[in-house]
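Notes follow the structure.
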Amino acid sequence: MGFSPSFSCSAMGALILGCLLLQASNSNAQLRPDFYFRTCPSVFRIIGDTIVDELRTDPRIAASILRLHFHDCFVRGCDASILLDNSTSFRTEKDAAPNKNSVRGFNVIDRMKSAIERACPRTVSCADMLTIASQISVLLSGGPWWPVPLGRRDSVEAFFNLANTALPSPFSTLTQLKAAFADVGLNRASDLVALSGGHTFGKAQCQFVTPRLYNFNGTNRPDPSLNPTYLVELRQLCPQNGNGTVLVNFDPVTPNAFDRQYYTNLRNGKGLIQSDQVLFSTPGADTTTLVNQYSSNTFAFFGAFVDAMIRMGNLRPLTGTQGEIRQNCRVVNPRIRVAENDDGVVSSI
């Protein structure tokens, strides 16, 4: 199933809320799917309506929101630190090399937050909002539904340096990918292969593709794992010394659908970036078996993806009194200081 403008987001919201009650018992002690059932029951509808509206003019936004969630969670957990703009206290993660001029969708997140604040002031964290938005983006694109554990709070700082080192590179080898995933607590092969399946939709810039096409690992030759026909197609889209910001579909077959075609592409030597193709083409890799399995079985892929998404979302959450509930996802809430004047009158500053 792909996105259809006639899809009823209200019906979807009712479905999700109903499922949350059924699935709440499966959550862990810190985060639970029904966290906002009483305090902000409209949160799913608001987020879903915003994404549906944006999809009408930007079919890429669902994949962009999912990527934004990944890039948030890989840096100190899913705490919405990636959404913070520069401040006098820290440098934004948006400027880090893996994110600069690449991650997108911040304006859509802003619209969601404004609508949620009107409905449920100071209640829903940006971290939870981004997590929910990722799940709904996958669902609207034909992917699975899952009970999203909720109750995260927002970071009060960003982590520019960590974003430069923690996020996997599109040029990573399989060994480097496994290390990057293990460093954040995702140490199973299924975590890596299933979450990489997020590249079943969306686009990448030519600058992350061209080294494979013309000078793979300094050989002045293309990556030998590339399908020859696909190599010709990619060279037409991404000419040598061409515009590195030109966009190419991760999946040339079903570019906007969340499905298992990504894994079939890998088996055919049609992984767009190096860090995708190595999952299948690295000799003796345990990931090859999983690529084959997910390529032939949608339920296996969806099940592994849901499991990995929940595991990723549960890494190092801020809960309780940690962090805050940001009123604007781009900035930390104003700090209120209490002062007493000479007459004993207390005021907020």
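Cβ atoms here come from the backbone N, Cα and C positions, even for glycine.
These come from TrEMBL:
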BINDING   ASP72, VAL75, GLY77, ASP79, SER81, GLU93  Ca(2+) 1 binding site
BINDING   PRO168  substrate binding site
DISULFID  CYS40-CYS120  disulfide bond
DISULFID  CYS73-CYS78  disulfide bond
DISULFID  CYS126-CYS329  disulfide bond
DISULFID  CYS206-CYS238  disulfide bond
DOMAIN    30-333  domain 'Plant heme peroxidase family profile'
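CYS206 (disulfide bond) sits 25 Å from VAL75 (Ca(2+) 1 binding site), counting Cα to Cα. For the pair the residue listed as 'substrate binding site' and VAL75 (Ca(2+) 1 binding site), the Cα-Cα distance reads 11 Å. If you check the recorded positions ASP72, GLU93, CYS120, CYS238, CYS329 against CYS78 (disulfide bond), the ones with a Cα inside 10 Å of its Cα are ASP72. Most other Cβ atoms within 10 A: among the disulfide-bonded residues CYS40, CYS73, that distinction falls to CYS73.
Of the recorded residues, GLY77 (Ca(2+) 1 binding site) and CYS329 (disulfide bond) place their C-alpha atoms 16 Å from one another. What surrounds the Ca(2+) 1 site, by Cβ distance within 8 Å of the Cβ centroid and not counting ASP72, VAL75, GLY77, ASP79, SER81, GLU93, is the set HIS71, CYS73, PHE74, ARG76, CYS78, ALA80, ILE82, SER155, ALA158, PHE159, ALA163 from the same chain. SER81 (Ca(2+) 1 binding site) has its Cα within 10 Å of the Cα of these disulfide-bonded residues: CYS73, taken from CYS73, CYS120, CYS238.
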